[in-house]
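Quick look at what TrEMBL annotates:
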type     : residues  : note
DOMAIN   : A:140-202 : domain 'CBS'
DOMAIN   : A:204-260 : domain 'CBS'
TRANSMEM : A:286-306 : transmembrane segment
TRANSMEM : A:318-339 : transmembrane segment
TRANSMEM : A:359-381 : transmembrane segment
TRANSMEM : A:387-413 : transmembrane segment
């Protein structure tokens, strides 16, 4: 069912823009979904994207604005007057409108707000701008359907019809008291199946899940996912119903959070995409590489300590990359499991138990891998047994050490409120490289006595 | 609002089970959400979990079954007769019931199906079992609200009330023709705001998104996310409406997909969690470590080729871990960006353009890092300039090479239908280790002439 955007289609559009064939473009884009038009605009030159945007009517353009890549949106917004932007925002839900306003420069922000036509809408948007973007307040919308517990069903249905006009998707009908405090909910299904003569206070469900305005967005996502909710009401400090969060906002947060952990594990420190500029990609990647390089300098120094052994035991130095790599791999595995467990809230039990489990695991894996190593060293490489035994004891120690560090550091970071995903990727591989080499040669020195 | 499961609470439950205080347990668990009870049961011993399960009524237990960890669910299901399982399944939506049946051993499967009371429900479940679990057919539910285009609104509302009884959440009302072919939809909002005297064929929206039964689940997730859909109808080969997929099923797929890419990048090949058994964790981790170890053996061999240079240029060998690590880090960064781009469908343009971009990026980053390296080698380490220049040329080459390989391999794998995430993590770091060392010493040999 999906419309596939082909290279040829984009070229056709570019051609029509060049020829200034506005009408043909309008016809061509008429039946195309706004999400697809946004994707096409992301691929066009700035002026071409602006040309397309000006061609379409404001119902479609408002939705397109939301779907565009941030850089392209900025280009479009810069090309519009405050009044034009306000017209777009009047088409949008309060949460989406607030997100776009938040991206504007300070001066334009005030201008746009003053140009908003619908006063209620404007008030709601200004209200939303007060909240931190990573909290329930920052992602909620003001649009919702609520009824007073003291109404009867007739009043209620009449009021709901009015309210539903402004709400894209009705999920739940919330019940409040005279002070606007959240009391419960009416399900849509009840609405379809209950006689219209019933009293609200008699039929509403008193149990209702909710979050507070200052609940963290990832926590909201976790709660909605765990309890399988499609919408959740948001209350303020006084228990008053102030907004509603729907599952589609949460999908983005879940995806972003998972992507961010992955990027950090790969040594990418900002949310970048393959299509971002080289400068942005460099900003996200270079810092981690510099960190890794300085870690590398330390490994040079550590190896330097043992350089004198090169004369009598040159073979030992052939194994340094192997030892370092195994330490890095094991550390990344351990930390990834902990980071995901912390993100999904499945880490239970004490740190000690966790470390004991990881110790047993790495002892088993390490013993197996060291066994292979001894055999290969002797039978394939034909090295002296003393080398095989030395390297394999070192390998076992490094594997155990790396897995304990990989487990311990994310847990500790999390405990002190630091994102545990920072401890994965380059950080853990680099520190395990250094420690691995140190452990390796210390053990070698003890056994071979150089 | 969320109920926090404390260690003390679990101990209290364990104590009550030991004392066989069934009534007190019932009271204690009465107001606790099934998702929380499932979480508690995941933490208990097998017999304790079974004890709790038998205590609760089937409306709650059916939902709990769905939320349990797979191993715990297996334990519970083994403790139940076919008739008891069928009773649980009668409480569930068809898609969830089918998922649970799919986990049963072959023989029990048939027994359970024959014990299902609701014949319609049983037919729907058997129908769902035919589809591959990773397709739209495998994740859809049979529960939906549909009306015939030839009905008038009165018949329609009456029919809908009946149908809505079986549907947990009404999202859209689908419109079909006499052959059950999907024609369009009615929005719930229209239902709330349209006069009841209107004719269906006059009001329904002819444009409707849909997927086919054999569409891949990740593709369904992508479409629903892109077009911001909360539910999507599923049609068969003849265009007949056969089921419906809702956003909550998709949330799990999106999360799983992102988590899987992350795990592969960390060298974990199965979907494991921190709480899984040591054996399962080993099965997921050891294969990658064995791969890395054999990669390590190759690096030993490659280094061995250049061992004779150890006598005259021992300093060179101090840099092998640094070169290998930098190659690995750059490769992981490049491949992660490509893998995420492929997952999010944001990779456009030709491979050549992609490689040229990556080349420019790595040339910039590499030149900067090599510059630091020359300075540190000379001014901090006090090595000869020839060493600094040799190592930094090698570093630049390895960075460029690693980033090109990290970009190229995932794109090629994806082109041939292999999961590109396989090319991240241990695979890319190990191969870059080996190639890095080879490039390094080949360049060193050319410059220093040993």
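Positions of Cβ are set from backbone N, Cα and C atoms, glycine also.
Not measured: the values here are computed from a predicted model.
Helix, strand and coil content of the domain 'CBS' (A:140-202), in residues and according to DSSP, is 21 helix, 19 strand, 23 coil.
Within the chain carrying the transmembrane segment (A:318-339), a Cβ under 8 angstroms from the stretch's Cβ atoms is held by residues 261, 265, 299, 303, 347, 354, 358, 362, 365, 369, 391, 394-395, 398-399, 401-407, 409-411, 420-421, 423-425, 428-429, 431-433, 435-437, 440, all 6 or more beyond its ends. Long-range contacts of the transmembrane segment (A:359-381) within the same chain: residues 326, 330, 334, 387-389, 391-393, 395-396, 399-400, 402-404, each at least 6 residues beyond the stretch ends and with a Cβ under 8 Å from a Cβ of the stretch. Across the domain 'CBS' (A:204-260), mean pLDDT in this model comes to 89. Remark: secondary structure over the domain 'CBS' (A:204-260) totals 24 helix, 16 strand, 17 coil, with classes taken from DSSP.
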